[in-house]
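Colleague: I am attaching a structure below and will ask some questions about it afterwards.
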Amino acid sequence: MKKTQQKEIENVTNITGVRQIELWRRDDLQHPRLDEVAEEVPVALVYNGISHVVMMASPKDLEYFALGFSLSEGIIESPRDIFGMDVVPSCNGLEVQIELSSRRFMGLKERRRALAGRTGCGVCGVEQLNDIGKPVQPLPFTQMFDLNKLDDALRHLNDFQPVGQLTGCTHAAAWMLPSGELVGGHEDVGRHVALDKLLGRRSQEGESWQQGAVLVSSRASYEMVQKSAMCGVEILFAVSAATTLAVEVAERCNLTLVGFCKPGRATVYTHPQRLSN
């Protein structure tokens, strides 16, 4: 390995979210070697002293994650509903301790009562089947997006995945300006968490959702669409495919959903009127 390449790897392994472990290659099972692996830790979101959910995530940018999750799951309406936040270690992972306004905490407790007695959670924040795909307020049609700008953005999405470049184990979510420039990207071992981090950061910074789109390196599931729409995102681009429920929810809430995004290629599932070529 060249010295410059070794230096680059050392720089990346010093960031949060990567750890070296001993492993063996198929062609040399007799001699172990060190390699970089993405960290995955349990992260509990604790609201006013009550644990609400535990998610598996990369251990960085957790304040953005907690804010984005709180917004995209409808726990809060704006960052002002959170009075304070601390990330603290626990016995088996990390806790994000969040201080909610009294009004929002009362609403959360009502939701938790409906969750009482369940032994598992397939979709976090959902109490009953009727809430799956429940439409959010329909999104406005405020912008046009030139699909020709997508190609350059796709080439640069990997720039927001330093851990992913080293380990091959993260998803990315980034905000794409109408010019095709990517800003405010985040990565995580979980695709939903990467998106929540992006939503949280832009909301914290007071950025508008009307001039641009979200680009994710993963498939577009129902939750990715629902989270985006809850925060006011009008256009969601995904590198992989969309699910049927994602398409149904996007159609109902007026979100433009585009999948199979590759240079020179894209599949538009819903509301193509926001797009030009």
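Cβ coordinates come from backbone N, Cα and C, glycine included.
Sharing the feature lines straight out of Swiss-Prot:
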type: ACT_SITE; residues: CYS121; note: active site, cysteine persulfide intermediate
type: BINDING; residues: PHE260, CYS261, LYS262, PRO263, GLY264, ARG265; note: Mo-bis(molybdopterin guanine dinucleotide) binding site
Colleague: State the count of C-beta atoms found within 10 angstroms of the C-beta of PRO263 (Mo-bis(molybdopterin guanine dinucleotide) binding site), not counting that atom itself.
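Modeller: Counting Cβ neighbours of PRO263 (Mo-bis(molybdopterin guanine dinucleotide) binding site) within 10 Å gives 11.
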Colleague: Using a Cβ cut-off under 8 Å and a sequence separation of 6 or more, which residues in the same chain sit near CYS261 (Mo-bis(molybdopterin guanine dinucleotide) binding site)?
Modeller: LEU150, LEU154, LEU215, PHE237, ALA238, VAL239
Colleague: When you measure from the Cβ of LYS262 (Mo-bis(molybdopterin guanine dinucleotide) binding site), how many other Cβ atoms are you left with inside 10 Å?
Modeller: 11
